[in-house]
Amino acid sequence: MDHFLHLLSSGLARGAVFAVFALALVLIWRAARIVNFAQGAMAAATTYVAFAVTTATGSYWLGLGAAVLGGAALGFAVERGVMRHVAGRSPLNSVIVALGVVMVLQAVLGIAFGNDYKPMAVPFSMEPLWVAGTPLLSPYDLYVLGAVAVLLVAFGLLFTRTSVGLRMRAAAFAPETSRLLGVPVSRMLTLGWALSAAVGALAAVLVIPTELGLNPHATDTLFVYAFTVAIVGGLDSPVGAALGGLAVGVLLSMVTGYLGSTLAPIAVLALLVVVLIARPSGIFSARQVRQA
Amino acid sequence: MSAHVPVHVHGSWRRPGPATRRLGLTVAGLALAIGATFVLEPYRAYQVAIVAAYLCATAGLTLLVGRGGQLSLGHAALMAAGAYGFGLSSNALSAAGASGAVRLVVPLAAGVLAAAALGALLGAAGARLRGPYLAGLTLAVVVAVPAITSTFSRTLGGDRGLWIEIERRPDALRPWVGAEQWQAWVAITAAALVLLVLGNLASGSAGRQIAAVRDDEAAARLAGIDVTRVKVVSFTLSAAAAGLGGAVLAYVTQIANPGAYSLVFSLFLVVAVVIGGLGSLAGAFWGALLLVALPEATTSIAETLPVSPTLAQRLEGNLALLVFGLLLIVLMIVAPRGIHGALARARGALRRRWSARGPAPAPAPVPEGAAARAPTTG
């Protein structure tokens, strides 16, 4: 039972990170109808930024800030430099171009830092705290959950209470009408990419030191997990992404804890296949058909 | 692209039909390639075998993506299914004391079947999905390959891979034919078979059905096409071709290991078919050739650069990845029809210039503009 509670609570903590990474996918999907296959590699690049800044300055928090700002800059650059030029063609083209971005980023990281694993420091202990004789969350898990909660509240406020958020939603859902009403649609799209990449950068900095290990290909599995979360939750639904993230996090934690960590990618694959066959529009989504 | 389907005149007795002509071309190409192995060094013959193995996979992938509009990032996993299917059955036959052609043909068929079964499963799950959803599903499959091989490490050999006992060249050929040369023959024959089958399929009614489903599912359904069946069958066939490629690769390298069928290799296959030109079997050949030639070229470039040993080693592993990534981005933006499309366009331009010089007056400028713009669709 203790083991179960520990797995459940640590699963919720890692699920929160998956939820944030999936939220970054949902942001771009809602803004541009693109699944950003480069998001994993972009997040790996910004985690190297955090690694380099933390190594140079000795401060974890400066590294974290640099990664988030670097993410925004990278999102801006990828949208303006690459994705913009294939927009409006077949959806396959944008996926393939994003894969090109993945390859370029992974190659540049490999050349700059090498393909071996780099150790990353974390600011809080990862030893679980004991509550009433049961090991539960570690201080680091609590920090992750707090960061995710702040982020989700901030995004909720941004999209529902501010005029920028309203314009972004308008530009995504009715670009023609928004343009007529004076919304700078193209600028909103770029802003969406920058925000999404910053969110992805934060998620990667939170999760890479604990379980993936810093490596140019570290985020390949993270992207697959986040994609699964987005499919389970429904690509159109931020709330679905949050709930789906927690569900996938707990599933992975249970599979790892009871069956072994090598089975985790297989469990995610099985979940993805089952959801796609049984309920292709996502468990938390109201939309009918899943067609790009 | 659908507007460019060539119209063949049937019933004419003077010219052979397209299927006969394709058979003739394939046999001629097969003879030429096999003849060429006699003048190649063993290492080059080995490389020819690798190109032929890749060609099986890229031919299947280019039809799936280009004609069917179904993007698979999991073709490396399908090749792995072919390689492990080949390896397990070849080892089982060896343990049972079998030898001769049986120990070559049965494992190859087992590889094809293993990949086709996985492909049918993915195709069924993917039949309701399009574009990014299918791509994500197949991505999840290829990322799970190392997990699967280490979960079943007792059968599949874990990270180190599965060593394979193979059937070598027949004794009668030994005085004249080298080991690598024989492997190249097997690989070339497999690739020729794949090209023949897929070529006939793509130019026949099945190819038109696949393209119709890609262009407009609702219209295809109205025309009486079973959309789900077409998608599942085309994915299964593409997987079978990739499986044969993986089986041949396992035969040539005598090992099946998860590291060879990584996500990066899957992305390389996608790059190969984009560079060659989506939907074009000739382009699949160019792509497979580049997959072998470019990494070799970048490795030798990395060796000659005056940099530190650490950096040289990093460049060696990543320079090909960088070049392929840049090629992919630039081509998708500038020339989505790839090498083959660019060659076809150049040929068209030459022909137009030629006919403009001839006795017949050049047509009005309108068709030229239309022809230059048309290839950018799809």
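Numbers here mean position along the shown chain, with the first residue as 1.
Cβ coordinates come from backbone N, Cα and C, glycine included.
Caution: TrEMBL annotation is automatic and unverified by curators.
Noted in TrEMBL for the protein shown:
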type	residues	note
COMPBIAS	B:367-378	compositional bias 'Low complexity'
REGION	B:356-378	region 'Disordered'
TRANSMEM	B:23-40	transmembrane segment
TRANSMEM	B:46-65	transmembrane segment
TRANSMEM	B:77-98	transmembrane segment
TRANSMEM	B:104-126	transmembrane segment
TRANSMEM	B:133-153	transmembrane segment
TRANSMEM	B:182-202	transmembrane segment
TRANSMEM	B:232-252	transmembrane segment
TRANSMEM	B:264-294	transmembrane segment
TRANSMEM	B:315-335	transmembrane segment
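Of the ranges B:77-98, B:133-153, B:232-252, B:264-294, B:315-335, the one with the most Cβ pairs under 8 Å to the transmembrane segment (B:182-202) is B:232-252. For the transmembrane segment (B:46-65), same-chain residues at least 6 beyond its ends with a Cβ under 8 Å from one of its own Cβ atoms are 33, 36-37, 40, 71-72, 75, 78-79, 180, 183-184, 186-188, 190-191, 194-195, 198, 201-202, 210, 234-235, 237-242, 244-246, 248-249, 252, 269-270, 272-273, 276-281, 283-285, 287-289, 291-292. When Cβ-Cβ distances below 8 Å are used as the criterion, the transmembrane segment (B:133-153) is approached by residues 70-77, 80, 84, 118, 122, 125-126, 159, 161, 257-259, 261-263, 266 of the same chain, each at least six residues removed from its ends. Long-range neighbours of the transmembrane segment (B:23-40) within the same chain, counting only residues 6 or more positions beyond its ends whose Cβ lies under 8 Å from a Cβ of the stretch, are 16, 48, 52, 181, 184-185, 188-189, 192, 195-196, 199. The list of residues near the transmembrane segment (B:232-252) in space but at least 6 beyond its ends in sequence, with Cβ under 8 angstroms from a Cβ of it, reads 46, 49-50, 52-57, 59-61, 63-64, 67-68, 70, 72, 75, 78-87, 90, 104, 107-108, 110-116, 118-120, 122-124, 126-127, 164, 166, 183, 186-187, 190-191, 193-194, 198, 201, 206, 210, 260-261.
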